[in-house]
Amino acid sequence: MSPLVKLLSQRPRMMPLVVLLCGLLATAWAWYGLRASQQAAAELHFQQLTGEVVEAVEKRMSNHRQILLGGAGLFEASESVSREDWRHYVQRLDLETNYPGIQGVGFSQLIRPGQLAEFEAAMRSEGFADFSVRPPGSRDLYTSILFLEPFSGRNLAAFGFDMYSEPMRRAAMRQAAETGKAQLSGKVTLMQETAGPAQAGLLMYVPVYRSGAPLTNAKERFDALRGFVYSPYRVTDLMSGILDGRKLQIDFALFSGAKADPEQQLFVSDPRVASGQVAIRQASLQLFGQNWTFSFYAQPGFFKRFHQGQDLLLLLGGIISVLLFFLTRTLAQGQQNALKLAGDMTVQLRNSEVRLQRVLQGGHDGWWDLDMQSASFYASPRTWQMLGYSDDGPQPPFNDWAQLVHPEDLPVLQDLLQPSEGEAEKYLNHECRLLTHDGHSLPVLIRALIQYSSDGQMLRASGTAMDLSEQKRIEQLKNDFVSTVSHELRTPLTSISGSLGLVNGGALGVVPESMRAMLEIAQQNSQRLSHLINDLLDMDKLAAGKLSFELTNLGLAAELEGAVSCNQSYANQHQVELQLDPIPVLQVRADALRLQQVLSNFLSNAIKFSPSGGHVRMHTTLRDGRVRVSVTDQGSGIPEHFRSHIFHKFSQAESGDQRQKGGTGLGLAISKELIERMGGLIGFDSQEGHGSTFWFELPVLMVHTPAPDLQRPTILVIEDEADIARLLLMLLQGAGYRVLLAHSLAAAREILEREPVAAITLDLRLPDGNGVEFIQELHRDHNVRDIPILVISAASEQGQLSLQGGLHVLDWLDKPIDPARLLGGLRRALNGMHEKPRILHVEDDADLRVVIAEQGRHLAEFIGAATLNEARQRLVAGSLDLVLLDLNLPDGNGLELIEEIHQLCPGLPIVVLSSTELSTEQLSRVEAALAKSRTETQDFLDILARLLPTKENGYA
């Protein structure tokens, strides 16, 4: 018998003190663990925020490059671009709304020395009487800012400036011209710095070459150079546009170059950052020929706000320790048997602690090496020991490492070993199970460095294996702690609460007034402690995944009315009126018991925090296939500093008024878990001094949605990047389609469930899943398996390899998007949707259009266009089978349209019906040419019938 057990057996009254001491020590240990975990969470959050800043900058600059590529495309597609053309192009971009922070979009023309005088004279003839290329002087080569939109304000100062005359700009322009790629300049001072505080400047250039010139090497590209499409940036304005006023909770400074050189500072979010603070993290970004360095700093109070709840944990731990002290003292009479049991448990605990201590002191990771080139696998003796083998491993040895991995974990590990595009090496940090010698599984943490060849084949992987079995066991013990304590407290608390209820109810006689108040306080606090235990048990079950849900179709009205009825007595007790607004007739899929638990929590909180004589209102709203149930109180509202963690465990407002209301601090945390487990959302709205509204949303099972617009095909666009989604929306709506946007796979599934779509455009990389797996999922569903899909993704090549190019994927488009290819693919996909072929009749004579439509109505549906512009709009909208074309039109010659038809709609038949005769070369570009008034009706109809597609021979 140990001295401690012997001492306690001799002096049993010391047992409660020992229990109290152990409880306090456990509380201190838990407090220390909470503090450490909160610090780790703060550091992880800081790292995530810095990643968001770098990603936002990279995405926005890539979008700006896309703008410049579009401008370059405008020049390369036209022999000349007028100032008005350029203004219209930039106005359509709506820079201020879509790309805040960009100073403008312009074009700088290349000028040979012999062309300078002619160029300046031409500009003066445009109305710029004092125009000259600046700075003056003789140079081997000139450039001049010709267009810059918006052409106002600061940008006027840059008009006519020769950017090639300045070394920093010249280096970037030369690099862009010789490589043919977008290029950023280093730090410069812009010509636009005419007033106000000066900002660091940057410029991005995209070269424009002469059409048809050879561009195979740097010299040919420079010789073919026409100029540059470019954008100037005042970096502070640029960063303000990128960050869009968001509260980052961190500060950062941006430098040009591979290190944080103060002379190369481009931007600082807070000038105080530069005054002596040390950067917590630095990040590099290589972007369009420039290296940028970010230095990140924490704002005051950033780490402090993560360290919440520590005092509450100490308080609760102290309360539980004291309760255990009193409970143990009541068992003092039976101490002899308890002491023996405690002695045995103490020995076991000590032995367990000794074993654990030895493991911690002597434990070390196993390491391994996999060489794919020599097909060899090596593992250290410690690795084999962990798996139950001798130090030399299995006999005979084997080189197939996959035999060691649990079959259920092997596919995931193999996927993680695959490289990303262009990746030479990567780090792996992954938990999985390995198979031991006796066939059991061992949880391990695999850390590895993996090397790949240029063609993406794995060459070598080296790393460690950490035994996680003890860590998993400790995690389970931690999860069991709250449950064990709660269960041990329930029995005596039930007795205490019941006894107090009998006494207060007069079952043992009239209670003296001098005792009644004290007894009521005791009963109320015993009930509060019971609620705390129940909440702890629910949280334990939720954490362990043991809380079962029986999801059924429930009428919402009945559930809300039942909740109000159950809480009416509590409302009467607080003199608060419950109001229930009219409820729509609908159903939700939920667990009735858990739904009532959430509703009761919302209502009891609202009643508790509303003043006497006030009211609590429950109401519902419908939107986007979901129903929101809201409970509004008339309390004092939620303090601003408390809102971010109101749904955290043990979270309670710290004001004295809030503390007087009581509560466990677990109700809202449990409600959040329950609603999310039932597929819903939870949240709140509050204004200090004006009450709060807590709400949850659930999907509606029965919703009557309006019939879709059957006149236009509906395209579902699945794209998570807002700028790309906006471009697709504008492009497809301009082509005459009805467009539905989904920024996640979950949103896409919801749209497909409620209404039909004609086609889908899909990005493969989405925040909540893999696009390839979504295609396979659609193919398995007979309701949607035949919907045409166009993949638009930077990962198109990998997607084709995964699907072998099949499963109803019409086309695989890379980013940036080719509009003609996209619209052409949709037109071909949707051509079979119409019962009759469709003929576009381009003719300015409305009467003739009516006559021909009547003559050929048994062959096709005729769509009229009176001008070239109207015809172009109809062509972009797609779904056409033939074009019947007049040449003499109000806004031009119909011959201009023929080449556009061949480019936009390859294979679309063209029949010319005009009074103008065609040359031999022109005849070769159309399927037939007919003269007005000289063609018999039947001959005309026979030609149309021969060229129109049928169900058997539709054109590609």
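Every residue, even glycine, has its Cβ placed from backbone N, Cα and C.
TrEMBL labels come from automatic prediction, so no person has curated them.
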Among ranges 18-38, 312-332, whichever one TrEMBL labels transmembrane segment: 312-332
Inter-residue Cα distance where the pair is Asp886 (4-aspartylphosphate) and Asp763 (4-aspartylphosphate), in Å: 41
Neighbour count (Cβ, 10 Å) for Asp763 (4-aspartylphosphate): 22
Asp763 (4-aspartylphosphate): secondary structure state under DSSP, collapsed to three categories: coil
Integer mean pLDDT for the domain 'PAC' (428-480): 87
Packing count at Asp886 (4-aspartylphosphate) (other Cβ atoms within 10 Å of its Cβ): 23
